[in-house]
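See below for the structure under consideration.
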Amino acid sequence: MSIERVPILGKETIHVGYGIADHIVNEVIANLASSTYVIVTDTNMARTPQYSKLTDDFKTNLSKKRPESRLLTYCVSPGENNKNRVTKAAVEDFLLQQGCTRDTVILAVGGGVIGDMIGFVAATFMRGVRVVQVPTTLLAMVDSSVGGKTAIDTPLGKNFIGAFHQPEYVFCDVSFLETLPARQFINGMAEVVKTAAIWNEEEFTRLENFSKKFLSVVTSKKPDLQSIKAELVKTVLESVRVKAGVVSSDEKEAGLRNLLNFGHTIGHAIEAVLTPEALHGECVSIGMIKEAELSRYLGILPPVAVARLSKCLVAYGLPVSIDDKEFLKKVGPKRHYVEIDILLKKMAIDKKNDGSKIRCVLLEKIGKCYQLKAHQVSKQDLSFVLTDEVLVHPFTNPPKENIIVPPGSKSISNRALILAALGNGTVRVKNLLHSDDTKHMLDAVASLKGAEISTEDNGETIVVKGNGGNLVTCGEELYLGNAGTASRFLTTVASLVGKSPASDDVILTGNARMQERPIGPLVDALRSNGSEIEYLNKQGSLPLKISAGNGLKGGRIELAATISSQYVSSILMCAPYAKEPVTLALVGGKPISQLYIDMTCAMMKSFGIEVTKSTTEEYTYHIPKGIYKNPTEYVIESDASSATYPLAFAAMTGTSCTIPNIGSSSLQGDARFAVDVLKPMGCKVEQTATSTTVTGPPRGHLKPLPHVDMEPMTDAFLTASVVAAVAKGGSTSITGIANQRVKECNRIEAMVTELAKFGVSANELPDGIEIHGIDIKDLKTPEISDRGVCSYDDHRVAMSFSLLAGLCKEPVLILERSTTGKTWPGWWDILHSKFKIELDGYEPPFNTDKHVIKSSDKGVIVIGMRGTGKSTLSEWLASFLGFKMLDMDKYLEEKLGTDIKSLIKAKGWEHFRKEEAIVAKECFTKFSKGYVLSTGGGIVEGEDARQQLKSYADNGGIVLHLHRDLDETVTFLAADTTRPAYSSEVQEVWLRREKWYHECSNYHFYSSHCSTEDEFNHLRKSFVNYIKLITGAERSVVPTGRSTAVVLTLPDLNNVAGDLESITIGADAVELRVDLLKDTSAAFVAAQIATTRKHADLPIIYTVRTVSQGGKFPDENVDELKSLLLLGIRLGVAYIDLQLTAPNELIEEISSKKGFTRIIGTYQDINGELKWNNVEWKNKYNQGVSMNADIVRLVGRANSIQDNLDLEDFKKQNTLKPLIAFNLGTQGKLSQVLNGTFTPISHQLLPNDDGLLTIGEINQTYFDIGGFTAKKFWVIGSPIEHSRSPNLHNAGYKALNLPYQFGRFEATDVDVVYDNLINKSDFGGLAITMPLKLDIMKFATKLSDAAETIGAVNTLIPVEGGYFGDNTDWVGISNSFIRAGVPPKSSSNGLVVGAGGTSRAAIYALHQMGCTKIYLVNRTVAKLEELVKSFPKDYNLEIVETEQQADKVNKVLLAVSCIPADKPLDSDVLKKIERILSNGSEQVAGFKPTLLEASYKPRVTPIMKLAEEQYKWKVIPGVEMLVNQGDRQFKLHTGFSAPYEIIHRAVVEE
């Protein structure tokens, strides 16, 4: 048993070894005499063999060596959440109860939580007792156990209460790590890497080399630590030595010890937000990279050191970004609580700060800190490194001259790595670009055993020992991110790879964009030469599966090279390893980027293989067989594409910039940029063989370049484009850059789009772009509210626009700044430190919602049986989305010149299906965006069509399956003689197609049978609401106030369909217990949802409760449960209940496919086994938060009143997500009353096994216990004696059991209203009528958008700090239309008659409903002119002054009459109205032209009679507007949804 002793503070008290339990026991008993030894651990550790051995050995030895002493043990709950005052007090109480005294020795056996907390117990118990640290995690061994820091956490931060209390011993028994889960093991490596990074470069290098072996062992199913025992002990030992040495120099953290906090300033702040989901080491790992980037940003740390640190951390499986994919899986939605302001506040109260000044440890190089102390850093600089969005401030005073050395060329770097890996011997590669691209290349080369790779000169030099082309397969996919160069080069390299036991093939893959970029021509060429290559996803793009062991045949290879020269270079570099010499012929026209091909040939020559160009055949190359011989050293030239940015900066700002290592002799085509582009634009250019200097003209005096062919330097066109943007006086045309459409993004399109945000017009050319330059003074600042400048995950887009941004008058937001890491990770640092540009971090507002569908994004395909309403509902759908509608059957008929019935009669169903599939393929491609495609019922019969439908849905399109009751369908089809007869019964056809409809669709709507106009209108409204949800146009908002959900617990809702409206009175949602239905087939469940929607216009909570969670659905039927939950999403329910007890795979799948449906994560303790102070409830809540539930629902069972009070405490402590939490049982009713969000309620007509309360019972009880206070509401104005508002509101209060009263208060003076009503303690709110709608506004401290635009207030309610004014008249108008069957959005035209206050509300309502033009008619035109001036121009208002104008009015479908109904219509007004009504008399857009009367007396007005009887318009009486505005007013006043039918009857039934 070898034991290493490390001195600290003058004593050798740190002992490190493997399997040293005996040594620990002997050392403690022999040297720390005590009457009482106490071992404290947590419940997890207590179950391990190592702990059992330690305690057993202790007992045995103690009885022999100190029989008078005793051993006590104590276990605490595990986890950071328990490192608190409560747990500390519990340990202290135990010690006191056991009679422990000042001679007690405590052994803290566990991870950092135990070490910190029990160390603090020892520091304070009896004013300090001895403690021995026995760390059992890697993190604790190398960090928290050494140095005497002890502490507990508080709600405000970690480790804020504690003491320095040095342990008597620290025993690091590495064998304890055998029990450590892989994640915890990896977690500890962060601190190990940290100590090496700040102090010991030699150890850091060892760690770089140890990473692969370490990770393979600790992540294996049965880790064998014995195989890495020596390295593991050394890892712990070296890290402990660094920390012990620093602590010995600075025990109380006065200066030097601060260095141990490298990565912790930012890391601790992140951890404070993300704990417990994120571990300490994971957060510190991210913190180290961010603080290293800060050092680089400040010009202290070389970029290569950041890259090296990042690579090392990644090699140990640690995250280096908050947005690391695996890290995000662990922290879930908590990621979105990591906000800059929160992090800065956390950092400001860090213990190592000087007051509130934030201090960071800055790295100078690997193994050394800058000035051996922590430094004060600005919040602005921290904000910059903490976010991926940047605000570029105006270039106010840049240096007149600058010398910039860009990083190594990406093109040359990638080629050099391929050549070196294929070559024999060792080469030292200098000035290699350290970027994402080259990292992927290095990783791939190493994985394929192409070379042994190491570093020298602190990472500046890459040492490659090539294996002469002897590559072999590896077991894992080679992930290449968005590295196009790496993917193309490695595709040919992979064809040379031999087989190994690990695999028979090589798989190359990348990110989403990489899987769109073309690689087909290269694959075709390689296949023709014997390579076996398979596309695993999309034809022509990655991922690729390349069979090993085939090699290249050689001989003649033909390659299309008009898209990418990288295809050519890929084959050129690998050609010497073919079985025969290669002749590479480039076909299809002039190759793109010839200079890059020349570069490849020149580099191959440097590595010993000379390519000869054919003298007889154009664009043809001869490559001999051979093996590259690596030169001793190869220096990478700086990147000429990157050099264009600092040179362009000089051109645009009138300054001078020199690139000292790129000149006319460069291998790179982009080296010509200064001479060929900037010089003709008015710059002074001085270029030697090895350097380039550009001096720009005075700012604003650049000249446009009528035409430039940039084919030799295509990547530089983006730089040229932003320069051309401020070259006034003409246009600049850039051609020869067609290949830029298939780079990281479509760069030409991106440039046109983003330039427009600066006010610069540009247009695409067949192979280029034309930019119409403007005066620099006319540049616009892109709107931050419109997300600023998009980078498209493209480094060159980001860098180019960073130049143009600085010429704007205000700061410009650029997204995804880190994308520059592809070629110039330090670009922003150069802007900041060299060009002295002010940069700021920016954090966009977070939006968790999926992207809302727009016409420019996707389309909708509608499928379903014949007779299900596809045509009608498709029209509604197109109208709502603003799409075009295409009936594919009609399209087919037009294309073939015959109707379908005749076609089938003549040629049969089989021929028709073939033609249908051809048309489907054409339509799905040609009309994939901005269209609703209504298909024939049998579209799913063909395999090709089915695959196309599935692909469309998989790629984000909506395939909507419409269905209705089969019996109704049969009846409908029997009466329709226009369609071809089925060759079999409808039932048989349905049974055959049913599974196909489900397979091919991602959404499902059950269309109820309609027998009345009201039912038809309700179907339309339900369908539009459904479309709103599945497209994201309108998503259910989680209530913030008190809300309820009525729980439907019936086997068949059709039994109570007529009562559903009464059952749902007062509820904010309806919860359908799917598990309690008599049939859970998809058809029956869909029909039940349709019934719910037909009778209750409320969000649906879709719940399938399993037996173990108090329901009826079998727990073991996991696949059926998944199908039912996915069906709920397809049915477009607002909320889906997802049990926290479900398998993780199920939770992940539902979460990933939820679309716009919200998730309620639920756990029920049906037996009441858990008290609310049990940590398990906290764990369940955290699980709900982690799985990204929108709401967490926790249900217990109360046995006493205290259970309800404990629940209230729990709710106060857990506020990250909305929480539904209550107890069942008689004793739990109080908790149901106190619950805030979606309290489940029952009804007298429903089974109620859970003892739920009704809405009336809840409201009454809540009032009785003081939750509600009695309030008074009033209608004010004059005259109001006939106002129906009191009837409406009081009827609603009574129905919901609310303690409110609504009365009338006649007044013409608002001050009187204030004194008598508003200023009273029981004031609840006002309904305001004339003449007070304007005067009342002086009391409103805040106005709604509607009230501001309309310019009047009809509703006033008290809010914190004042009063909120709203106008619900417009809602009364719009909802009256909608309830009458008018779609909520339609691009029709509207008419408003009148010019008073209600007219303003009518205009606002019609605009909100999507009217493209609103015509105005009134007796006095001057009043209309004033009205038009008060509305924004986009309302598109037009005054109709004459009858002639009325004749020319475009078809009007919506009209609102806002003129007094008790007086005869003015004859001139009447004539104009009649002409307009006559023009809109026919039904279009799926609804009948409709007129709303704003006056509710008399019931039928003259204009209503005219419209209905003479012009056949649908009319809506004014009483409907009154009810609908009151419905919204009721919600504003009380927070409750009004019982609509009840308030309607109260108003209508006088």
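Glycine too: its Cβ is placed from the backbone N, Cα and C atoms.
Listed in Swiss-Prot:
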| type | residues | note |
| --- | --- | --- |
| BINDING | 42-44, 80-83, 111-113, Asp116, 136-137, Lys158, 176-179, Asn187 | NAD(+) binding site |
| BINDING | Arg127, Asp143, Lys149, Asn159, 191-194, Lys243, 257-261, His264, His280, Lys351 | 7-phospho-2-dehydro-3-deoxy-D-arabino-heptonate binding site |
| BINDING | Glu191, His264, His280 | Zn(2+) binding site |
| BINDING | Gly864, Met865, Arg866, Gly867, Thr868, Gly869, Lys870, Ser871 | ATP binding site |
| REGION | 392-837 | region 'EPSP synthase' |
| REGION | 857-1047 | region 'Shikimate kinase' |
| REGION | 1270-1550 | region 'Shikimate dehydrogenase' |
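When the binding-site residues Val113, Leu177, Val193, Leu260, Met865 are scored by other C-beta atoms within 10 Å, Val193 scores highest. Among the binding-site residues Lys83, Asn187, Glu191, the residue whose Cα lies closest in space to that of His280 (7-phospho-2-dehydro-3-deoxy-D-arabino-heptonate binding site) is Asn187. Within the set of binding-site residues Glu80, Thr137, Asn187, Gly864, the entry lying nearest in space to Arg127 (7-phospho-2-dehydro-3-deoxy-D-arabino-heptonate binding site) is Glu80 (CA atoms). In sequence order, the binding-site residues near Lys83 (NAD(+) binding site) (Cα within 10 Å of its Cα) are Asn159, drawn from Asn159, Thr868, Gly869, Ser871. Neighbouring residues of the recorded Zn(2+) site, listed in sequence order and excluding Glu191, His264, His280, comprise Leu139, Asp143, Ala190, Lys194, Gly263, Gly267, His268, Gly281, Cys283, Val284, Gly287 (Cβ within 8 Å of the Cβ centroid). Looking only at the binding-site residues Glu80, Asn159, Val193, the one with its C-alpha closest to Gly869 (ATP binding site) is Glu80. Here the candidates are the binding-site residues Asp42, Glu80, Asn159, Leu177, Lys870. The one whose C-alpha lies nearest to that of His264 (Zn(2+) binding site) is Asn159.
Val193 (7-phospho-2-dehydro-3-deoxy-D-arabino-heptonate binding site) sits 21 Å from Val113 (NAD(+) binding site), taking the Cα positions as reference. Neighbour density for Thr868 (ATP binding site): within 10 A of its CB lie 24 other CB atoms from the protein chains shown. Looking at Thr137 (NAD(+) binding site) and Thr868 (ATP binding site), their Cα atoms lie 64 Å from each other.
Take the binding-site residues His264, His280, Arg866: by the count of other Cβ atoms within 10 Å of each Cβ, the lowest one is Arg866. Of all the binding-site residues in the list Glu80, Val113, Asn159, Leu177, Leu260, the shortest Cα-Cα distance to Thr868 (ATP binding site) is found for Glu80.
Here the region 'EPSP synthase' (392-837) has a mean pLDDT of 93 out of 100. Closest to Gly867 (ATP binding site) by Cα-Cα distance, out of the binding-site residues Glu80, Val113, Asn159, Arg257, Leu260, is Glu80. In the three-state DSSP classification, Gly864 (ATP binding site) falls within a strand.
When secondary structure is read from DSSP and collapsed to three states, Asn159 (7-phospho-2-dehydro-3-deoxy-D-arabino-heptonate binding site) falls in the strand class.
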